[in-house]
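Asks: From Swiss-Prot, for reference:
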BINDING   Arg16, Glu17, Leu18, Lys19, Lys119, Arg524, Cys525, Trp570, Glu614  5-methyltetrahydropteroyltri-L-glutamate binding site
BINDING   Ile440, Gly441, Ser442, Glu493, Asp608  L-methionine binding site
BINDING   His650, Cys652, Glu674, Cys735  Zn(2+) binding site
ACT_SITE  His703  active site, proton donor
Amino acid sequence: MALAHTLGFPRIGRDRELKKAQEAFWKGELDEAGLRAVGRQLRAAHWQVQKDAGIQLLPVGDFAWYDQVLTHSLTFGVIPERFRAHGEAGPTLHTLFGMARGVSDDSCCGGAHAQEMTKWFDTNYHYLVPEFSADQQFQLSWEQLFEEVDEARALGHQVKPVLIGPLTYLWLGKAKGAEFDRLDLLDRLLPLYGQILRRLAGQGVEWVQIDEPILVLDLPQAWKNAFERAYNLLQSEPLKKLVATYFGGLEDNLGLAANLPVDGLHIDLVRAPEQYPSILDRLPAYKVVSLGLVNGRNVWRCDLEKALEVVRHARERLGERLWVAPSCSLLHSPVDLEREDGLDAELKSWLAFAVQKCREVAVLARAATEPEAAEVLAALEESRAVQASRASSPRIHKPAVQARLAAIKASDAQRRSPFAERIARQRAGLDLPAFPTTTIGSFPQTSSIRLARQSFKQGKLSEAEYIEAMHSEIRHAVQIQEQLGLDVLVHGEAERNDMVEYFAEQLDGYVFTRFGWVQSYGSRCVKPAVIYGDLSRPRAMTVEWIRYAQSLTDKVMKGMLTGPVTMLMWSFPREDVSREVQARQLALAIRDEVVDLEAAGIRIVQIDEAAFREGLPLRRNAWPHYLEWATEAFRLCASGVRDETQIHTHMCYSEFNDVIESIAAMDADVITIETSRSDMELLEAFEQFDYPNEIGPGVYDIHSPRVPSREEIVALLRKAARRIPAERLWVNPDCGLKTRAWPETEAALVNMVAAARELRGDLARG
C-alpha cells in the first residue's frame with residue numbers, strides 16, 4: 001500500500017471553535033487555560049478524523065494560534081523589540097497576539113503597531129511577515145511544536161512534524177532598518193533547524209515535512225545556491241526529511257529540488273500535472289515521492305479514476321517509495337461537508353471538504369496495492385457517477401450562456417470612442433468642479449443595518465419592511481453626503497453583506513454553503529461562494545437601490561458593482577472550465593447590469609477590481625496570458641455604454657509598477673487607488689508610464705479610526721498634483737468606509753472636502 005498523508009489540516013474547527021475562543025480570549029471572557037483547552041480539543045479531534053479517514057502519517061505543527069509563519073517567528077525568537085516586555089522570561093500568547101494585532105498604548109509594554117500581513121502566495125490566506133534586522137539573532141524561544149508532538153504521540157498517533165523551510169521562511173520576511181540581504185541570515189538560522197530536528201528525533205519522530213513552496217517561484221541564482229548549501233548542512237542532522245512544494249510546478253527548479261540531499265519530495269500535481277514524468281526521471285532511486293493528487297484548495301470531488309492512472313504508473317516505478325497526499329495543506333479547504341444539511345443533494349454530491357479529501361487520499365493510496373478491495377471499487381464507482389453527472393448536468397451547462405460567449409466580438413470589449421473623446425463628453429455632461437470629491441462606495445455598516453438584514457433573512461421582517469429599512473439608511477447616507485458637500489454621491493451599500501456574496505446570490509451558477517468556512521487570517525474566516533455552472537444574471541441586481549438613491553438628489557449618483565476578476569478570485573471556481581471562461585461569463589452578467597444602470601439614468605458606474613493584481617500567476621512567464629484575459633474581462637463588462645457614461649474602477653493594493661500597462665489597458669475613465677500609507681509614492685508608476693486617464697489617489701487611510709487633518713490631505717494632494725495633471729485628479733479616501741463609525745467618517749470627509757476646495761483655490765489663482 002502507498003502511504004497516505006496530509007500536509008496540514010484546517011485549524012478553525014467544524015464550527016469555527018478556534019475563532020470563538022480567540023475572540024473570547026481577546027475580550028477577557030476566556031482565560032489562557034480555557035483557550036489552550038480549546039486548542040487541545042481541536043488538535044485531538046483533527047488528528048482523529050484524519051486517522052479515521054485512513055491517513056497514516058498525521059501532520060503536527062499545522063495548528064497555529066493565529067498563523068503558522070508567526071508561530072515560526074516565535075519559535076526562532078524573531079520578535080521585534082517593540083513586543084518584548086521587560087522582565088518576561090520569554091514570549092507568551094500575549095506576545096504572539098500582540099505581534100498579530102498590535103498592542104494598545106495602555107498595555108504593559110506601551111503601544112506597538114502590528115506586524116505587516118500579506119497574502120500567502122496566490123491563496124486568500126494571509127500570513128504575518130517576519131521582521132529581520134541586520135544583526136538578527138535566532139534562538140529557540142517557543143515550545144509549541146514539541147508540546148504538540150508529545151500530545152499526538154500520547155494519543156497513539158504516528159506523526160510527521162511540519163516546518164516551514166529555512167529558505168522559504170527568510171524569503172517571506174522583510175529587512176527592517178538598514179537594507180541587507182536576507183540570505184546573510186541563513187548561516188545564523190540553520191543551527192536552529194539542527195536543534196529542532198535533534199529534539200524531534202529525541203521525541204521518537206521518524207519523518208519531518210519541510211515546506212519549501214518558494215521552489216515553485218522564479219528564484220534568483222543566489223537563492224538556488226543557498227538551497228544546496230542549506231540542505232547539505234542539514235543532511236547530517238537526524239530524521240528523514242520530506243521537502244514539500246505546492247501551488248505550482250518546479251519548472252527550472254526541478255533539478256535543484258530533485259537533487260537536494262533529503263529523503264523525499266512532495267509535488268503538486270493538481271496545479272502542475274505536467275511535471276510528473278520529469279520528476280520520476282530526475283529523482284534519485286532512494287527517494288520517496290509524494291504525489292499531490294487531491295486538490296487541497298478547492299471544494300470539488302477528485303476524479304479518482306483519472307488520479308488512479310497516475311498512482312498505478314507511479315507504483316510500478318516507485319514501489320514502496322510512493323506516497324499520496326492532497327496538493328497542498330487542507331488549510332485552504334472548508335472542514336467537513338457533512339455539516340452541510342441544507343445543500344441541494346445533487347450539488348452536495350459533487351463536493352468534498354477537508355475530511356472528504358482525506359478519504360479520497362486514503363482510497364488512492366490503498367488502490368495502489370489493493371485495486372480490487374471493496375472500499376476502493378465502491379469509491380471508484382461513486383466517483384465515476386459524480387463525474388458523469390457533472391459532465392452532463394443541465395444545471396452546469398447552459399446553451400444560452402455558451403452561445404453568448406461564442407458570439408463575443410473584439411469590438412464588444414472596446415468603448416465606442418477613445419478616452420480623449422469620451423472624457424470631453426463626460427465633463428460636459430457631468431459638470432463637476434476641479435478635484436471632484438467622492439467616496440469609494442460603502443458607508444458604515446451599523447448594528448441596525450446588520451440587524452435588519454438578519455431579521456429579513458430569518459423571516460422576522462417582511463420584504464416591504466426590509467426595503468423601507470434600507471431606504472431609510474440610503475436617505476441618511478445621501479443627506480450626509482449633501483451636507484458634507486461631496487460632488488459625486490454613493491448610496492452607501494447598506495443592503496450588501498459582502499462585495500462578492502451580494503452579487504453571487506443573485507447570479508445563476510453560484511451556490512452557497514452554510515459551513516464552508518476557511519481561515520483568511522487569525523480569527524477572520526470567509527465563506528467563499530462556489531461557482532458550479534455557467535454564470536448568468538436572471539434580473540437586475542442593484543438598479544432599484546441606485547435609482548431610489550438618485551431620486552433623492554440632483555447630484556450625480558454613482559452605481560457600485562464588483563468586477564469579474566474579483567468575483568472569480570474570491571470564489572471557489574469551477575475546475576471543468578478555465579478561469580478565463582468563468583471571468584468572461586461574469587463579465588457578460590455585469591455588463592448587463594452596467595447597461596441597465598445607464599438606462600435608469602445613472603451616469604457614473606464604478607466596477608471594483610480589488611483582486612486584479614492578486615490573480616497574477618506565481619511565475620512571470622504566465623503573467624501575459626492572465627493580464628490579457630483579465631483586462632479583456634473588465635473591458636467586456638464596461639463597454640456596453642455610451643461615451644457619456646463614466647466608468648470608474650477601484651483597486652486597493654500597494655504595487656502598480658509591474659502591471660501599470662495592463663491597468664491602462666482596462667481603459668477605465670477613472671481609477672481610484674490606495675496611496676495614503678505610501679505618502680503618494682505609488683503615483684510614481686503612473687507618472688513614469690504617463691497613465692492617460694483620470695486618477696483618484698486615496699488621501700486618507702480608512703483602516704485606521706484616526707481622522708486626518710485638512711492640512712495633511714492638502715499636502716498629499718499637492719504632492720499628487722506634482723505627478724498627475726490637476727485636471728485629471730479626483731479626491732477620495734483609500735477604500736470603502738464600511739468598517740468605520742459615522743463620527744470619524746464625517747470628520748474625515750469634512751476635512752477631505754475642505755482640502756479639495758483649497759486646491760481649487762490654488763488652481764484658480766494659478
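Cβ coordinates are placed from backbone N, Cα and C, and glycine is handled just like the others.
Burial and contacts for the listed features, if you can.
Replies: Cys525 (5-methyltetrahydropteroyltri-L-glutamate binding site) falls within a strand segment according to DSSP.
Classification of Asp608 (L-methionine binding site) by DSSP places it within a strand.
Sequence-distant contacts (6 or more apart, same chain, Cβ under 8 Å) of Cys735 (Zn(2+) binding site) comprise Ile440, His650, Cys652, Glu674, Gly698, Ile702, His703.
For His703 (active site, proton donor), the count of additional Cβ atoms within 10 Å of its Cβ stands at 14 [all protein chains shown].
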Asks: Excluding Ile440, Gly441, Ser442, Glu493, Asp608, which residues of the same chain place their Cβ within 8 Å of the centroid of the Cβ atoms of the recorded L-methionine site?
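Replies: Neighbours found: Thr439, Val490, Met499, Met560, Gln606, His650, Gly736, Lys738.
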Asks: Give me the count of other Cβ atoms within 10 A of the Cβ belonging to Gly441 (L-methionine binding site).
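Replies: The answer is 26 other Cβ atoms.
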Asks: A 10 Å Cβ contact count, applied to the binding-site residues Asp608, Glu614, Glu674: which residue has the minimum?
Replies: Glu614
Asks: With DSSP assignments reduced to helix, strand and coil, which class does Ser442 (L-methionine binding site) get?
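Replies: Ser442 (L-methionine binding site) sits in a strand per DSSP.
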Asks: Listed 5-methyltetrahydropteroyltri-L-glutamate-binding residues Arg16, Glu17, Leu18, Lys19, Lys119, Arg524, Cys525, Trp570, Glu614 - what's their greatest C-alpha to C-alpha distance in Å?
Replies: 29
Asks: Look up Leu18 (5-methyltetrahydropteroyltri-L-glutamate binding site) in the DSSP assignment and report helix, strand or coil.
Replies: helix
